[in-house]
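Have a look at the structure below before the remarks.
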Amino acid sequence: CFTLLFLFHALRQFPGCGNIVTFSQFLFIAVEGFIFEANFGRKSPAIPIRYYFIMVAMFFTVSVVNNYALNLNISMPLHMIFRSGSLIASMALGIIILKKRYSVSKYTSIALVSLGIFTCTFMSAKQVASDSSLNEEDGLQVFLWWLLGIAALTFALLMSARMGIFQETLYKRFGKHSKEALFYNHALPLPGFLLLAPNIYHHAVLFNQSEPFRVPLIGLTLPIMWFYLFMNVITQYVCIRGVFILTTECPSLTVTLVVTLRKFVSLIFSILYFRNPFTAWHWLGTALVFLGTLMYAEVWNSLGSLLARCRRRPKEE
């Protein structure tokens with residue numbers, strides 16, 4: 001939620017600042033990984049570097065496209081709900097590429113997620129198309145930009161799923177090295193930001209011109225946009241590290257459940273704090289997305305097994 005809060009404040013004042021935010025996050029994580037994971041370059045990667053270049057190209061593309069989508073009349077709640085459809089993309093590509101087959105409950109859960117995303121997307125489209133503050137020509141232009149944003153989100157969703165499958169095949173072949181992958185996924189794309197250097201520099205100048213802000217406790221005064229950026233980078237780093245620790249310490253089912261709940265809390269926070277338009281249809285779509293996600297993770301079966309074990313223990317004792 002704090003990551004979302006700082007990002008929103010930055011985007012509200014400078015809607016095109018997604019590149020400088022992403023660059024800062026990548027740079028911070030890359031520096032941290034270079035020191036503590038790569039041991040200042042003295043530690044060789046367990047997975048050949050050429051595979052990381054492929055993974056990085058996908059990761060960099062997904063990050064940049066997701067950021068640009070926010071500039072195309074895509075609201076933050078719709079952005080979050082749409083990205084929750086990763087299960088759909090993963091299942092579809094898993095069937096096509098890995099020839100996987102799933103149970104009826106898995107297909108049902110995917111149908112629920114798909115219906116939820118379609119409902120939210122359709123209702124958002126009606127809101128954009130019926131914006132009374134715009135004339136007909138401007139309204140059409142805004143709607144077309146919104147359609148481009150939906151296309152960008154769809155592309156990023158499929159690319160992210162393809163990257164997940166690529167990682168899965170690499171981990172099966174070379175073993176799991178999540179911390180190493182985290183470092184290389186953020187370090188290798190850094191030269192790619194040279195293509196975005198004019199945009200990053202432009203927003204750095206704008207950040208310097210923002211109103212001064214006195215940081216509590218330490219008494220340091222700096223432009224408030226740099227404070228927002230710093231807090232976003234720190235909270236994003238904590239979030240990524242937390243997910244990594246959870247992945248290494250807990251079963252995948254627990255990770256899926258926690259990440260799903262995190263998305264739901266962030267969505268509710270976004271709606272309430274940012275006062276985004278959210279109708280009953282949006283709530284229905286959101287409920288279908290998260291219900292389908294929990295069904296896909298087989299949370300109900302796990303809870304049933306846990307309750308059954310808890311009931312047996314008193315009798316055994």
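Yeah, the Cβs are placed from backbone N, Cα and C, and that goes for glycine too.
Marked as transmembrane segment by TrEMBL: 20-39 (among others). Packing against the transmembrane segment (20-39) from elsewhere in the chain are residues 7, 10, 63-64, 67, 179-180, 182-184, 186-187, 189-190, 193, 196, 199-200, 203-204, 207, 229, 232-233, 236-237, 240: each is 6 or more residues past its ends and has a CB under 8 Å from a CB in it.
According to TrEMBL, the feature transmembrane segment maps to 51-69 (among others). A Cβ distance under 8 Å defines the sequence-distant neighbours of the transmembrane segment (51-69), meaning residues of its chain 6+ beyond its ends; these are 18-19, 21-22, 26, 45, 79, 83, 149, 152-153, 155-156, 159-160, 162-163, 166-167, 170, 181, 184-185, 188-189, 192, 196.
Here TrEMBL flags 81-98 (among others) as transmembrane segment.
The feature transmembrane segment is assigned by TrEMBL to 110-130 (among others).
The transmembrane segment annotation in TrEMBL covers 142-161 (among others).
For 182-201 (among others), the entry in TrEMBL reads transmembrane segment.
What TrEMBL records for 213-240 (among others) is transmembrane segment.
Annotation comment: TrEMBL describes 280-303 (among others) as transmembrane segment.
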